[in-house]
């Protein structure tokens, strides 16, 4: 088999799986359905470490969006778990306002990726729109509007399911050899340049 390059897997299937599962668990906790234990375990291992590994593989593939998103949100989950553990053992304890500031910083970062997501495809755009909305609602929840926590939970559950949809899209494409779960067109289509317009007019005539 010399000279034949090995086929590589798509790291997005792991990154999206970890992001979606850990996000879903945290929102189930925020709605009162589970304790903090599963979040710490999955946040450190799946949402954190596995996402970081997926991001590093995206780096090798030259995908800056995936590299930034998976590495950054992997780091987010590890940092959040450390905050929760520190609070548990009263080490560098974070107040509600402290966590709110942490979330605001991540909201601003998410807004940057949201703009880029609008140019990728519909599923990515909807996922990041829900993620950005969820972060904004959590910001409000930590600065005087605690009722927004549950609203954010429902929004972020939808975000997690969107991430899993994209994961399933990639897996099903590979397994079935066709587009079983379409992701839709970008919400912001690239504009036609003047040269492309001239060429299109020439072809039409």
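Backbone N, Cα and C atoms are what each Cβ position is placed from, and that goes for glycine too.
TrEMBL assigns the feature transmembrane segment to one of the listed ranges (6-26, 174-194), namely 6-26.
The largest share of C-beta pairs under 8 angstroms with the transmembrane segment (33-53) comes from 65-87, of the ranges 6-26, 65-87, 123-144.
For the transmembrane segment (99-117), the residues of the chain that approach it from at least six positions outside its boundaries are 65, 68-69, 72, 76, 79-80, 83, 124-125, 127-129, 131-132, 135-136, 138-139, 142-143, judged by C-beta separation under 8 angstroms. Sequence-distant contacts of the transmembrane segment (6-26) (same chain, six or more residues past either end, CB-CB distance under 8 Å): 34, 38-39, 42-43, 46-48, 50-51, 53-55, 57-58, 61, 66, 69-70, 73-74, 77, 156-157, 159-164, 166-167, 170-171, 174.
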